[in-house]
Amino acid sequence: MLLTIDVGNTHTVLGLFDGEDIVEHWRISTDSRRTADELAVLLQGLMGMHPLLGDELGDGIDGIAICATVPSVLHELREVTRRYYGDVPAVLVEPGVKTGVPILTDHPKEVGADRIINAVAAVELYGGPAIVVDFGTATTFDAVSARGEYIGGVIAPGIEISVEALGVKGAQLRKIEVARPRSVIGKNTVEAMQSGIVYGFAGQVDGVVNRMARELADDPDDVTVIATGGLAPMVLGESSVIDEHEPWLTLMGLRLVYERNVSRM
């Protein structure tokens, strides 16, 4: 089986693939202080819960693919693969890795690995032109051309960051649960804040995507818009531009990149 690991700033998502099918997944907090040994213990606990894997770390795993937006965690995971997974092929998404997607930006090495991986999956699953909206710590919008090229995108503050900022900077406001309110017009402070988050982000998505689509294609209706990320369901029902919801888009992209690189190892 293939173990895929997507390390974000807030959460780390792990997926287990049997061929092209994802058969198990986990979401844990990202902690840059964890050592390779601590990560190995954590992985062993998660892997041990799956009936098709053995008790020892690495049993049943024949490949690993990792992308990370936190360099220190990527370093420790590299140590995990070296020390605990022995001869299991491991592909870490970093400069030099073959993705199959040309990166047509001013500074390609500055583009986050997760954003490139999302583009890889979008091209494979839906073709171009496409826009991927990833609701993570930041909300990112990434554009793929009709020729399958990554051409850039937009980075905006994420939902959780915005909620925390309201609670910290607003003297009479507090941190709230991110939930859909009863109506757009809030009847109390909490509902008013929830409305601002849910409908504000839905409006942001619609506005940004519409502008990007006009730049991306002669006919904006030709652009496929894919939503992913842990908080995507909060906006899905309120946005008018999202065509597809694929919660495991990044993990699928990691599987594709692994397959394109493992033969070179």
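For all residues, glycine too, the Cβ spot is worked out from N, Cα and C.
Since this is a predicted model, take the numbers as computed values, not measurements.
Swiss-Prot lists D114 with the feature active site, proton acceptor. Residues or ranges marked as ATP binding site by Swiss-Prot on the basis of sequence analysis: D6, V7, G8, N9, T10, H11, T12, V13, T137. Feature annotation from Swiss-Prot assigns substrate binding site to G112, A113, D114, R115, T189. According to Swiss-Prot, the feature K(+) binding site maps to D134.
In this structure, A113 (substrate binding site) is part of a helix by DSSP. When the alpha carbons of T189 (substrate binding site) and G8 (ATP binding site) are compared, the span between them is 31 angstrom. Here D114 (active site, proton acceptor) is positioned 13 angstrom away from T10 (ATP binding site), judged by their C-alpha atoms. Counting only residues at least six positions away in the same chain, the Cβ atoms of I5, D6, R27, I28, S29, T30, V73 sit under 8 Å from the Cβ of T12 (ATP binding site). Each of the binding-site residues T10, T137, T189 was ranked by the number of other C-beta atoms within 10 Å, and first place falls to T137.
Geometry remark: G8 (ATP binding site) versus G112 (substrate binding site), CA distance 10 Å.
Among the binding-site residues G112, A113, R115, the ones whose Cα sits within 10 Å of the Cα of the residue listed as 'K(+) binding site' are R115.
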